[in-house]
Amino acid sequence: MKFTLDWLKSHLDTDATLEQIEVGLTAIGLEVEGIDDPSKHLGGFVVGHILEAEKHPDADKLKLCKVDSGAGILQVVCGAPNARAGLKVILAQPGTYIPITGDVLKKGKVRGVESQGMMCSWRELKLGEDHDGIAELDVTLAVGASLLDIMSFDPMIEISVTPNRVDCLGVRGIARDLAAFGLGNLKPLKVEPVPGAFKSSIGVRLEFAPEDSNACPLFAGRLIRGVKNGDSPQWLKDRLTAIGLRPISALVDITNFFAYDLCRPLHVFDAAKVKGDIRARLARDGETLAGLNGKTYTLESGMTVIADENGPEALAGILGGEHSGCTEATTEVFLEAAYFDPIRTAATGRKLDILSDARFRFERGVDPAFVVPSMELATRMILDLCGGEASEAVIAGTEPDWQKSIVLRPNRVAELGGVEVSTQRMETILNDLGCAVAEHADGLLVNPPSWRGDITAEHDLVEEVIRINGYDNIPATPMPRPAMPKPVLTPGQRRSGWVRRQLATRGLVETVTWSFLPEAQAVMFGGGAPEMHLANPISSDLDVMRPSVLPNLVTAAGRNADRGMKDLGLFELGPQFDGPEPGQQRLVAAGIRAGRARGRHWADPARAVDAFDAKADILSAVAAAGANPDSLQVVAEAPVWYHPGRSGTLKLGNKPVGFFGEIHPGLLAKLDVKGPVAGFELFLEALPAQKAKATKAKPLLKASALQPLDRDFAFTLDTGVAADAVVRAARNADKVLISDVAVFDLYEGDKMAAGKKSLAITVTLQPTDKTLTDEDIEAVGAKIVAAVAKATGGELRG
């Protein structure tokens, strides 16, 4: 929205400076996008006097002029047809900024003759569109006077208007807001009905079906005859030119002026070209309209038009028609003022791709109560500027219902806006904005004005109070510090996080692989059942839900080995699918190690990964999950995809909770992966739940000051007895003194009886309160021997 300072002051009685108005506009939500003050660029121009104007010696259309600048005589080459001796002109001397080009004037030669200045047109100063010749000034002006001293320049202000503030698409609406803000007083708008001198020969009708009556609920007009459609007065031209509009003729300029001055689009028809009455109706499919913009439009049903007996003459609220447009020869006009439905107007404009000043206002909802008053004001201006006489007004329809009553509770201003405003101040603000305010049991009863259709509820009134009271008056309040949020992770999610961190700590790299795989691989790992096939796989070789996480990890190791990464460790936490029904999926922590566990080194030989690496990984994951690894049994059995002699199962009672070991060499060959590869699978949901909360602090570490001591035991056992059974039996012999048990030797040979083996363990004793005597040590040793014998049948070797 553009307007000039003088234009604003025609509605606002104020002594505020341009800077104060700029600040005030932004403060009330009408953001200033720019201010164009012509005087900033016109300080170098002076009044010049042409003393001589002779023909250029080398150009027929150029003149060689002697111009008095007040400080000396300059030679100026000029091509303007009206350049002549005795003329007072606007003179630019070298070093002057030229607004139209943005250049600084320099001396130069034109067809071999030096030109020491430039005589300017209004267009070159961006003060108008006239560029047919140089500007002609009053001959009484003093030569050498600054242009700033002889002319007044009106700054142009451009603001950004939000879609809900259609009232501020008129200068009066902006002035009203500034007056409410305290930057002056709103001047009264006097609407005096124009008495009709005769009855209009053109009537108005509304021809809508009942369901379409909202398209145009009110249509008013009047016939004005004997008009003279000449040029507009200079003040009107200046205002339109300042905001970028081109003055056309008095009648057209008046309608454009009302659109920007009072946010009331109007239209004038050449009455001599209108046949019969003017009616508002819906268009018929296939009708056409030649618009004032030079384009022809094919109309559709549902579009509102203004028509006569011959057909459409205008698109309602959007564009006038060329046929009934006014020209210099027009002597009789019909003035139209109406209210058109915003939704239909917007839909028609979008459909036909027309964006006009009228559409821009009507589709946002202009003042429905200002139809007839605007017609009276426009009639008076036409009579004043164009002469003639007006008929009696003709009106069809009624004013649409716009009245609303809203209760404003004063405390809501503080609750929603965060600022304390007195009830009296609220009432003053709302009254200044045009609202009718009365007392109410709950606070204030407010009736918004007709031009504020955007005020529909209490919160809108709160916004108006806060806006006019000043956003700067809202105290700065820091945001409340949020409390420490409570943990939202489930126990299972926390357990997964602990395991994930532990495996990463052990050097394994986390991966995320597909939850499906080729059927052939699924079969190798105990899956591939028909019910596990995908109905719509993303790829033909990813057609089965995975029965294990290991296949994807093993094949990933193979791809890495092909690219030179032969030694690596991978892990993944994700589901494996045992069946298609809910509850037939298990959360698994799986991992693999491939290649060498330890690289080449001068002190230690390289070593390939083996089942014990996988066992260490799975036991560390068990501990990280909050379970006690010592409570699990290791059984020398595993699924078929593990090496039959280098694998094992972790059991809790009779329930498997995980597998570990080297991957079967035959399976690796089928997958084209070079071994060895060791892996593990831990079923997290099968582990016992923690007895203590994860956030519970660990007990204080009490390190014993007494020296530990080791005792070795060798047992003769049946070859089928697992070493783990011996270790568990020895550890449980005395849980207070025994801190660790480890296997350090295994012998099966000629010196042992058939079906027998020798297993040696070392037991670490850690006293806590006193040094152990020989008797204490012997007693613990006896307990260990007895416990192993009872659990495994083993005998202590001599």
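Placed from the backbone N, Cα and C atoms, the Cβ positions cover glycine too.
Residue environment of ASP454 (Mg(2+) binding site) contains 17 other Cβ atoms, counted within 10 Å of its Cβ in all protein chains. Annotation note: ASP454 (Mg(2+) binding site) sits in a coil segment as assigned by DSSP. Residues annotated as Mg(2+) binding site in Swiss-Prot: ASP454, ASP460, GLU463, GLU464.
Swiss-Prot lists 39-148 with the feature domain 'tRNA-binding', giving sequence analysis as the kind of evidence.
What Swiss-Prot lists as domain 'B5' is 401-476.
Note on the domain 'FDX-ACB' (704-797): its mean pLDDT in the predicted model is 90. Residues or ranges marked as domain 'FDX-ACB' in Swiss-Prot (evidence: sequence analysis): 704-797.
Within the domain 'tRNA-binding' (39-148), the DSSP-based counts of helix, strand and coil residues read 5 helix, 42 strand, 63 coil. It is GLU464 that, of the binding-site residues ASP460, GLU463, GLU464, has its Cβ surrounded by the most other Cβ atoms within 10 Å. For the domain 'FDX-ACB' (704-797), the number of residues in each DSSP class (helix H, G, I; strand E, B; coil) is 28 helix, 32 strand, 34 coil. Following the DSSP three-state reduction, the secondary structure of GLU464 (Mg(2+) binding site) is helix. Taking the mean position of the Cβ atoms of ASP454, ASP460, GLU463, GLU464 as the Mg(2+) site, the remaining residues of that chain whose Cβ falls within 8 Å of it are ASN164, ARG452, ILE455, HIS459, LEU461, VAL462, ARG467.
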